[in-house]
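S.K.: The [4Fe-4S] cluster binding site annotation in Swiss-Prot covers 12, 99, 197, and the record cites sequence analysis as its basis. According to Swiss-Prot, the dimethylallyl diphosphate binding site annotation covers 43, 77, 127, 225, 226, 227, 269, on the basis of sequence analysis. The isopentenyl diphosphate binding site annotation in Swiss-Prot covers 43, 77, 127, 225, 226, 227, 269 and rests on sequence analysis. What Swiss-Prot records for 129 is active site, proton donor.
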């Protein structure tokens, strides 16, 4: 039995930046000021639980902050303008760990609105990133999740229309939705697939290749991770067996029955340690060898960190 690792996999630059910002803040202010994070810093159970053990308090609203002397960190997914304003009124120090690629979408949405465009957002309802984008503009945004949503759209002025997208969507699904939007509204403007995060695209392209050369694919990532779920969907769409797991403890050996080659990848919010533990578990229990997929590559993207 052989393990084949996808490349690239795991942490993207935006997730690494957010996790590092939280770790540095915690180290700088430990024993002095309480560190809060609005929602999960990234969608990964291992990361969140690790920070909880170090004293970080994760809150679901600004009202949950008990100590106004505390420090509040906005997660990688970004927040609405109203939440920013509420934090200012609360008087807490804010450190923004929003992924720069998400911030780019915020600016695009505002720019379209300022130019008088009616806006469509391609994204998943209730995802924190989507809530943040919607909350960056004053006028209502039409949310599109499926092709059927495109057909159901009620638009005031089809000739004055723009769209933006969530950064962690399926490239293939989004491409179809954009094509349908352009077919129905020929004058619509938008960024094509440029708003889909580079890491999301790279991991989806890699997992497609991985599915072709393996019998079963294991995706390391949390159930609430949008990009991890898209990797799962992609594998299943190819007809391959695929499973999304938080860590090696979630493994079921029956999943691997009849498999000679096991593909392993990880969502953009899953740390390397979880992949390493899974590989070690399989090496010990299944007598496997390990290789990296052909044509893989290492990402070299880095984002500037917030100054504080």
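Note: Cβ is positioned from N, Cα and C throughout, glycine not excepted.
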S.K.: Taking DSSP three-state, what's residue 226 (dimethylallyl diphosphate binding site) in: helix, strand or coil?
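M.R.: It is helical.
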S.K.: Can you tell me the CA-to-CA distance separating residue 269 (dimethylallyl diphosphate binding site) and residue 12 ([4Fe-4S] cluster binding site), as a whole number of Å?
M.R.: 7
S.K.: Quick one: what's DSSP say for the residue listed as 'active site, proton donor', helix, strand or coil?
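M.R.: For the residue listed as 'active site, proton donor' - judged by DSSP and reduced to three states - the answer is helix.
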S.K.: Among all chains shown, work out which of the binding-site residues 225, 226, 227, 269 has the most CB atoms within 10 A of its CB.
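M.R.: Per the Cβ count, the most surrounded site is 269.
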S.K.: Looking at the binding-site residues 12, 99, 197, which ones sit with their CA no more than 10 Å from the CA of residue 77 (dimethylallyl diphosphate binding site)?
M.R.: 99
S.K.: Which site among 12, 197 has the most other CB atoms no more than 10 Å from its CB, taking these as binding-site residues?
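M.R.: Per the Cβ count within 10 Å, the most buried is 12.
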S.K.: Between residue 12 ([4Fe-4S] cluster binding site) and residue 227 (dimethylallyl diphosphate binding site), how far is it from one CA atom to the other, in Å?
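M.R.: Checking the Cα atoms of residue 12 ([4Fe-4S] cluster binding site) and residue 227 (dimethylallyl diphosphate binding site) gives a distance of 11 Å.
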S.K.: Between C-alpha atoms, which of these recorded positions comes nearest to residue 225 (dimethylallyl diphosphate binding site): 99, 129, 197?
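M.R.: The answer is 129.
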